[in-house]
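Let me begin by presenting the structure, written as structure tokens, before commenting on it.
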Amino acid sequence: MLVLLAGIFVVHIATVIMLFVSTIANVWLVSNTVDASVGLWKNCTNISCSDSLSYASEDALKTVQAFMILSIIFCVIALLVFVFQLFTMEKGNRFFLSGATTLVCWLCILVGVSIYTSHYANRDGTQYHHGYSYILGWICFCFSFIIGVLYLVLRKK
């Protein structure tokens with residue numbers, strides 16, 4: 001049981017780190033023709049990065065930014081709640097609060113990455129492919145779901 005809890009803790013920390021990288025890095029879309037990439041915050045070329053995004057005024061991008069930030073906040077809160085429950089909870093109880101908070105993080109990732117996918121990542125005729133930040137977002141989606149379900153199922157022994 002201790003090994004399982006330690007493994008979940010390590011995966012949870014990795015998820016927090018990957019969420020930070022996914023949200024901060026500017027590699028959600030990468031151009032196939034020129035050396036350029038676009039993120040949630042900046043547009044980067046091989047020379048420099050600029051804060052001016054051609055679609056920055058769109059509400060969809062602001063929604064994606066908000067939900068990705070919320071997912072980081074809920075993931076960190078869930079990690080802190082798990083550590084707190086690990087040391088204060090009585091034996092035999094389940095990690096309901098940690099699991100619920102992690103599943104809220106999972107929903108925030110789902111909404112954020114899905115909106116980005118529907119508005120920006122699937123345009124026909126474009127010369128772009130998905131960058132590592134976008135892929136990390138979906139990996140964090142999977143990890144946070146697995147962690148959340150495991151928190152709900154596990155009991156403290």
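Placement of Cβ uses the backbone N, Cα and C atoms for every residue, glycine included.
What Swiss-Prot annotates here:
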type	residues	note
TRANSMEM	1-21	transmembrane segment
CARBOHYD	Asn43	N-linked glycosylation site
CARBOHYD	Asn46	N-linked glycosylation site
TRANSMEM	67-87	transmembrane segment
TRANSMEM	95-115	transmembrane segment
TRANSMEM	134-154	transmembrane segment
Are there residues at least 6 beyond the ends of the transmembrane segment (67-87) whose Cβ is under 8 Å from a Cβ of it, and what are they? 5, 9, 12-13, 15-16, 19-20, 22-23, 40, 95, 97-98, 101-102, 104-105, 108-109, 111-113, 115, 137, 140, 144, 147-148, 151, 156
With the fewest other Cβ atoms within 10 Å, the residue among the glycosylation sites Asn43, Asn46 is Asn46
Positions whose Cβ lies under 8 angstroms from the transmembrane segment (95-115), at least six residues beyond its ends: 12, 19, 60, 63-64, 66-68, 70-71, 74-75, 77-78, 81-82, 85, 89, 134, 137-138, 140-141, 144-145, 147-152, 154, 156
